[in-house]
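Noted in TrEMBL for the protein shown:
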type	residues	note
DOMAIN	8-503	domain 'Metalloenzyme'
BINDING	D15, S65, D439, H440	Mn(2+) 2 binding site
ACT_SITE	S65	active site, phosphoserine intermediate
DOMAIN	85-295	domain 'BPG-independent PGAM N-terminal'
BINDING	H126, R156, D157, R188, R194, R258, P259, D260, R261, K331	substrate binding site
BINDING	D398, H402, H457	Mn(2+) 1 binding site
Amino acid sequence: MKTQTIYPIVLTILDGWGHSNQINGNAIKLAQTPTMDILVQAYPNILLNASGTHVGLPEDQVGNSEVGHTTIGGGRVLQQDLARISSSINDTSFFRNQILNNICSYTSKNKTKIHLIGLCSNGGVHSHVNHLIAILDLLKSYLITEVCIHLITDGRDTKPNCAKIFINQINDYLQSIEMGKICTISGRYYAMDRDCRWSRTETFYNILTENHTNTIKDPLKLIDEIYSRGISDEFIIPTRIERGKIDNEDSILFFNFRPDRMRQIVQAFTKKGFKGFPCKSLMNLQIVTFTNYDQTLDIPAAFEPLQKTNFLGEIISQNNLKQLRIAETEKYAHVTYFFNGGVEEPFAGEDRELILSPQVKTYDESPDMSALQITDSIIAAIKKNIYSLIVVNYANPDMIGHTGNLSATIQAIETIDKSITKLYEAVNQANGTLLITADHGNAEYMLDNQKNPCKSHTTNLVPFIFIEGEKQQIIGHGGKIILRTNGCLADIAPTILDILNINQPAEMTGKTLIETPRHEIRNTINSLHNSDYNIE
């Protein structure tokens with residue numbers, strides 16, 4: 001029996017690849033990208049909104065990988081946890097939250113310590129300092145006195161050296177309410193590792209559970225001393241400045257709302273048979289997380305996830321089509337867990353491939369990361385002729401961009417361009433559809449107006465390039481694809497369903513980006529093959 005030919009759709013997410021016409025500090029403009037340049041010239045392409053209210057965040061809030069992948073996979077704009085929690089503070093329902101009140105009541109009744117652990121910044125990607133202040137207000141209403149704050153410094157979703165701003169803000173507030181103290185300060189490099197670099201997590205864990213204090217007791221003086229050694233906020237070695245370690249029967253509230261970078265430290269306190277490193281035998285800890293960090297752990301979450309059904313992956317599965325998700329370690333959760341709306345287990349017919357990220361201190365030491373291995377794996381998957389949808393993430397623009405190393409990020413961008421060259425050829429040979437987009441910006445803005453390094457995400461638009469295979473016809477649209485403007489990430493899933501001629505579920509509020517129906521066989525690839533530039 002003749003094998004059915006599968007015309008794959010390859011959704012390629014270039015993490016952190018934003019659009020900007022500015023040249024200075026723009027790693028994408030400064031890099032040599034002949035393939036991406038010719039694809040933009042030869043194929044339908046538009047720019048998509050990927051930040052703020054377009055992805056369920058507050059207005060002008062930068063996008064991020066979790067939100068971007070959730071919006072792409074969901075085909076809808078969902079109110080994200082940042083906006084959701086902030087809204088609950090504004091309407092005061094936060095202070096009536098049953099889970100938060102339970103841990104406050106326990107702490108007050110048993111006269112134990114409560115430990116607040118989380119990222120202290122206004123970056124809005126993993127946490128927000130205003131949420132910490134709201135927690136302090138709630139604790140004050142219970143007359144809880146032993147409040148130990150374990151601050152994680154940012155320097156990645158914010159400027160590299162701005163920790164003193166937030167330490168001052170928290171210290172001033174603690175003085176005004178006459179309650180609480182900052183006990184430890186730790187850089188997110190250690191406290192928020194997500195790549196199983198357990199030695200980093202162990203360093204943070206030990207400072208939380210031991211009372212060895214630093215000779216410098218003033219957190220601001222400590223930061224000055226750290227800066228004098230050329231260390232930025234992200235890389236501050238976990239340091240204790242006040243007594244207040246985690247003891248038996250204490251309470252712990254983790255106030256990051258994004259789960260992926262909190263899982264390792266939470267597992268160390270809660271997971272039975274934890275093997276990452278030796279842990280203390282702490283008894284009867286009362287632990288609450290802001291959101292559900294890990295479905296396998298029995299921990300109450302103050303804000304349970306919203307019901308998310310009929311995401312793209314589920315619809316593909318319901319139609320008995322096979323799909324593949326592939327990424328390296330740093331972005332694997334994004335093309336699986338987040339893309340599926342917080343569902344841990346794959347859907348029927350959904351395969352996953354994890355490529356290990358290189359084991360380096362910071363990724364500017366290895367700008368290629370694992371892009372070449374990912375590309376080889378995608379090409380092999382296409383040749384299997386079984387996948388109708390392949391979702392891939394290239395981490396390089398975002399992860400190298402976060403280092404602030406412009407030259408390394410330029411190299412990373414050029415690596416991506418070479419990978420796209422190979423990917424284009426493979427998809428073309430399979431008569432498939434290659435969709436190239438991004439989840440948010442980063443690499444296009446790496447220097448501010450004063451030429452200081454910028455490591456954080458941006459609110460810039462992101463590309464969407466539609467590369468349709470030769471002799472492949474999209475039912476109901478025909479040959480010449482025209483894309484509509486004013487789209488956003490939520491429109492990508494409906495576009496994929498449009499290509500596959502699958503009805504869009506009611507839960508998907510995005511709209512297909514394909515605008516004009518034409519009934520003819522598309523041959524747009526020939527324009528590229530006949531041009532002076534040849535992709536090999």
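Every residue, even glycine, has its Cβ placed from backbone N, Cα and C.
According to its DSSP assignment, D398 (Mn(2+) 1 binding site) is helical.
The highest number of surrounding Cβ atoms within 10 Å, among the binding-site residues D15, D157, D439, is found at D439. The sparsest Cβ neighbourhood within 10 Å, among the listed binding-site residues (S65, R194, H440), is found at R194.
Under the DSSP three-state reduction, H440 (Mn(2+) 2 binding site) is assigned to coil, being neither helix nor strand. Counting only same-chain residues six or more apart in sequence, the Cβ atoms lying under 8 angstroms from the Cβ of P259 (substrate binding site) belong to T289, T291, N292, Y293, D294. The most crowded of the binding-site residues listed here (H126, R261, H402, H457) is H457, judged by how many other CB atoms sit within 10 Å of its own CB. The Cβ centroid of D398, H402, H457 marks the Mn(2+) 1 site; residues of that chain outside this set whose Cβ lies within 8 Å of it are D15, G16, N64, S65, R156, P397, M399, G401, H440, N442, A443, K455, S456, given in sequence order. For the Mn(2+) 2 site, the Cβ centre of D15, S65, D439, H440 serves as reference, and the other residues of the chain with Cβ at most 8 Å from it are I13, G16, A50, G63, N64, G68, H69, K331, H334, D398, A438, N442, H457.
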